[in-house]
Amino acid sequence: MENIHDLWDRVLGEIERKISKPSFETWLKSTKAHSLRGDTLVIVAPNEFARDWLDSRYSHLIAETIYAITGEELAVKFIIPPNQADEKLELPSSAKKQRKPYEEANDFPQSMLNPKYTFDTFVIGSGNRFAHAASLAVAEAPAKAYNPLFIYGGVGLGKTHLMHAIGHYVIEHNPSAKVVYLSSEKFTNEFINAIRDNRPDDFRNKYRNVDVLLIDDIQFLAGKEQTQEEFFHTFNTLHEESKQIVISSDRPPKEIPTLEDRLRSRFEWGLITDITPPDLETRIAILRKKAKAEGFDIPNEVMLYIANQIDSNIRELEGALIRVVAYSSLINKEITADLAAEALKDIIPSAKPKVITIQDIQRVVGQHFNIKLEDFKAKKRTKSVAFPRQIAMYLSRELTDCSLPKIGDEFGGRDHTTVIHAHEKISKLLQTDTQLQKHLKEIQEKLKQL
């Protein structure tokens, strides 16, 4: 195994991509590798509060990341600097467990699912309502509703939460079901290890004999030809046997580079749904649920302040809440909006960029083509109205974080498939139509000046 300090740097690098910036900087950035005792990696946390928080909330993620990098199962032990406490390095009992190279699927489904990620703990909003409904339908009737279910969206918006929720629901209602959740990175590493150890059949038996396969971050298969080949056959085997497949990505299948066309087409067999950033009301609801789950007493004005400042994704939103609570605990002061501002000053940009709304787009497009705002929501199909409306839908998809149903609502309650059609039509025309390119450039320049 490589030097433990180099290993820990790699682990931190991977985790930094997976969690919010506030969470990483608050809990993990200042940690250091201490030693390797048997099968236990000992990590130094900056203080007792951080040690306890890391142990209860991040041990599982860290162990998973170490396994993804090294192929070895290591337990993790957190200590604090000797000058803060006389910490005895007692190894957890899990450190004595010997790892099997390829365990049966039933050996790990529950342990691979985060117990906090259930449908009950998922906060539904306009940006994730469709994805939630599709996930619940799949959980209630695996391989009968949508197969595969492909969920895409930015980092920290709830894709992984929904995948784990599906797994929990299936196991709760059918305890004998073989449910496997893993990242595409882990799938790749296990496949490489299987080839190296000359045990490909063990690997295939593990993943081709499950009832539900939940595979996260499929975009990381891009460019890995052998792994794509293996996953292609795994997909076919499961689909032919009516086993449920759920896939997540940060982008839709057609936008994943160097993904084989045969995989891309199979990902499009079922239902593709996106998740977009939560609106203000949803962000406040998320903070309330998180505070209740963790037993935090947070004033409403503080939650409103955090929700107004952090609008990118759920991980950063919850990370900001944790940072405020940690800051309050460490300096022993009551949580107020002023304290929250102080705690978050390093992660909130001083000047937030102007957010373009659908209404902004409709107004500017309407002025450009000399049509009324109400025409965007009307049923008129004349070209003088329909074409600008399609351009506005295209720009709403490109320049806002609104979901397809939300965009459709803002254009007179149109179906999300109408929005998809408009986006695809304008995208195709832009490749050859110089006049349309000119219109779009002028409209976007006006939007920048708002």
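Note: Cβ is positioned from N, Cα and C throughout, glycine not excepted.
Here is what Swiss-Prot records for this protein:
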type	residues	note
BINDING	Gly156, Gly158, Lys159, Thr160	ATP binding site
REGION	1-84	region 'Domain I, interacts with DnaA modulators'
REGION	84-111	region 'Domain II'
REGION	112-328	region 'Domain III, AAA+ region'
REGION	329-450	region 'Domain IV, binds dsDNA'
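Looking at Gly156, Gly158, the binding-site residues in this record, the fewest other C-beta atoms within 10 angstroms of the C-beta turn up around Gly156. Look at the binding-site residues Lys159, Thr160 and count other Cβ atoms within 10 Å of each Cβ; Thr160 has the fewest. Listed in chain order, the extra residues whose Cβ falls within 8 Å of the Cβ center of the ATP site residues Gly156, Gly158, Lys159, Thr160 are Gly153, Val155, Leu157, His161, Leu162, Ser248, Ile275, Asn313, Ile314, Arg315. As a summary of secondary structure, the region 'Domain IV, binds dsDNA' (329-450) carries 81 helix, 0 strand, 41 coil according to DSSP. Per-residue confidence over the region 'Domain III, AAA+ region' (112-328) averages out at a pLDDT of 90.
The region 'Domain I, interacts with DnaA modulators' (1-84): residue composition by secondary structure is 45 helix, 16 strand, 23 coil, according to DSSP.
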